Amino acid sequence: MGGPRALLAALWALEAAGTAALRIGAFNIQSFGDSKVSDPACGSIIAKILAGYDLALVQEVRDPDLSAVSALMEQINSVSEHEYSFVSSQPLGRDQYKEMYLFVYRKDAVSVVDTYLYPDPEDVFSREPFVVKFSAPGTGERAPPLPSRRALTPPPLPAAAQNLVLIPLHAAPHQAVAEIDALYDVYLDVIDKWGTDDMLFLGDFNADCSYVRAQDWAAIRLRSSEVFKWLIPDSADTTVGNSDCAYDRIVACGARLRRSLKPQSATVHDFQEEFGLDQTQALAISDHFPVEVTLKFHR
């Protein structure tokens, strides 16, 4: 997967569609499983939301046999003119409660190159990141040298196509500070493993209100380092209910990726307003809104 022919096909598809952009979202769909996807109202709206993205992370997937995911993919492919596929993690969690990370992607826009589950040597994460490398249109410029644990042997740089690495996190609320900080260690691990720093960290970080307070940010390396650009501001509200919290975030790094960010495209996707739902109807879908960003690429 992800070879020159696949990349060329993706570029042709983007050219034919009259766009050179990649819309990426992250959606915590509360307790996603068979009952939610089989509900006609919920299932159809979820499918339409995800079909609006070229690449989307879904969290809180509770579907070990992938029956709900299979049904979801059928619904997405029935409402979209493009064909979608998926890649998912194993069920993750420290106790009997498990969740999966799910990436849904448009096959003519990106392809999966490689995946791995972060080993989490310090056991910081309740649900360790399932890291996925996608092939995407390149920006054509060579990136500067990357930081690495192996100071004397910098990792190799991608020679042609840009590889876009997505790192998901659904943080345990009361461990959010430690888990968000530990994403910096994931960043170093990806550089050592794959030799690229073009990464998006995304998901429900629980990064606001009582879980991450203003005084906590200084201890979070992912926030204090200038390497990372936080795209969803602290002032955002990513919750459907009456709270006002910026739980869901997208963080970018890598010179080429940061140059590819479409200005002002990072936003909260208010599906309640989009579909004309009342709060009860919206909460039946999820207690979180998706967050998103668009990457633009040179033709």
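Using N, Cα and C of the backbone, Cβ positions are placed for all residues, glycine too.
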Item to check | Second cysteine of the disulfide that Swiss-Prot assigns to CYS245, among CYS209, CYS253 | outcome: CYS209
Item to check | Candidate recorded positions HIS170, CYS209, CYS245, pick with smallest Cα gap to GLU99 (active site) | outcome: HIS170
Checklist entry - Helix, strand or coil at GLU99 (active site), per DSSP? => result strand
Checklist outcome for this item: If you rank the disulfide-bonded residues CYS209, CYS245 by how many other Cβ atoms lie within 10 Å of their Cβ, the lowest count goes to CYS209
Checklist entry - Within 10 Å of the Cβ of GLU99 (active site), how many other Cβ atoms can be counted across all chains shown? => result 20
Next on the checklist: Using the alpha carbons only, what distance in Å do you get between CYS245 (disulfide bond) and HIS170 (active site) once rounded?
Outcome noted: 15
Checklist entry - In whole Å, how far is CYS209 (disulfide bond) from HIS170 (active site) when you measure between their Cα atoms? => result 16
